[in-house]
Amino acid sequence: MAKRDYYEVLGADRGASADELKKAYRKKAKELHPDRNSDNPNAESQFKEANEAYEVLKDADKKAAYDRYGHAAFEGGMGGGQRQGGNGDFSSAFSDVFEDLFGDFMGGGAQRGGRQRASRGSDLRYNLRISLEDAFLGLQKAITVPTSVSCNSCDGSGAEGGAEPQTCPTCSGMGKVRAQQGFFTVERTCPTCSGVGQIIKNPCRTCGGSGREEKERSLSVNIPAGVETGTRIRLSGEGEAGLRGGPSGDLYIFIEVAEHELFQRDGIDLFCRVPVSMATAAIGGDVEVPTIDGGRSRVKVPAGSQSGRQMRLRAKGMPALRGGGTGDMFIELAVETPVNLTSKQKELLREFEKLSEENNPLLTSFFSKVKSFWADMKN
Ligand SMILES: [Zn+2]
Ligand SMILES: [Zn+2]
């Protein structure tokens, strides 16, 4: 079956803003809410479709890829987001999306989706600090993530010996109980099964019935060249294991690129403040500057350069994250006034000053302005 266009699925225009997409999605999600669609057998698959479409279009990077390549952008596990056919199963989509929309219906939103048998594992966040050099080159990084994995002894079921859990007698598997409170019937999460709808007679001794075990996992993460602070890398299914056989969450690597002592970064461009001596700035010369690839470039300092003068070294900046060229490096000259002069040096500079009446155009024009300012004030 051919996949429908994501915009069509959401009923949104191609040019829709993030806000408009969100609105369109919420509208669809409400329409397709399972409580309102018990007689529509297609609601669940349509809901999944809408959820998948929005998952892509709400993410600026994925949206850009989709706008360019269509569904082909996500086939075959491209880049960091190895998504395979939508975001997990229906129940996970349900709990994520309806928590804010329908949280109140479910009793304050404290418990996610009372009717779930299995629940999706949490997403995990891992903060990774890397150097600017690593961000320039990209790197393969081994990380250790404390997480919970599916329990080996019970195969994730939570029941000793892998026995099937039983339907909760209190709520008959609904995960919710009703109570009369004045005029209202209030639905609450079932206290016996905590909303799971099932109970385990003999909990697994290894995991205590949760179906999960705490483990440290080692993962090798591919950090592409060009990442910057705030870049997120998603490792699908590498988050916490789901409860009772539910799907795993995702692992998000949050990148932080450390400050560099020589280079400042602005997007794909780099800046480097290079001090030059007063004499070099005045008579001109060469300075050698470092480049982020570990090399060096000779830069010509024109005679009469002032502090703040900028020069550009083309393509010596950072690589763009998804291809698309390389930034530039900007050199900014900082003319250094010499300090700790000897009496000989002072002597020479005084001598120099006497000969320098015509050499400071800024100074000359400043003082002529000051003079006329004072003159005007007197009149
Ligand atoms: Zn129950
Ligand atoms: Zn177990």
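Using N, Cα and C of the backbone, Cβ positions are placed for all residues, glycine too.
Since the structure is predicted, the reported quantities are computational estimates derived from the model, not experimental observations.
Annotation source TrEMBL lists domain 'J' at 5-70. If you look up TrEMBL, you'll see 138-216 marked as zinc finger. The feature repeat 'CXXCXGXG motif' is assigned by TrEMBL to 151-158, 168-175, 190-197, 204-211. The Zn(2+) 1 binding site annotation in TrEMBL covers CYS151, CYS154, CYS204, CYS207.
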CYS207 (Zn(2+) 1 binding site), number of other Cβ atoms within 10 Å:
20
Taking the repeat 'CXXCXGXG motif' (204-211) as the reference, which of 151-158, 168-175, 190-197 gives the largest number of Cβ pairs under 8 angstroms?
151-158
Taking the recorded Zn(2+) 1 site as CYS151, CYS154, CYS204, CYS207, identify the other residues of that chain whose CB atom sits within 8 Å of the mean position of the site's CB atoms, giving them in sequence order.
ASN152, SER153, ASP155, GLY156, SER157, GLY158, ALA159, GLU160, PRO203, ARG205, THR206, GLY208, GLY209, SER210, GLY211, ARG212, GLU213
Other parts of the chain folded back onto the repeat 'CXXCXGXG motif' (151-158), taken as Cβ under 8 Å at six or more residues beyond its ends:
164-165, 200, 203-207, 209-213, 241-245
Where does the mean pLDDT land for the repeat 'CXXCXGXG motif' (190-197)?
84
Which residue counts does DSSP yield for the zinc finger (138-216) in the helix, strand and coil classes, in that order?
3 helix, 35 strand, 41 coil
Excluding its own, the Cβ atoms lying within 10 Å of the Cβ of CYS204 (Zn(2+) 1 binding site) add up to 24
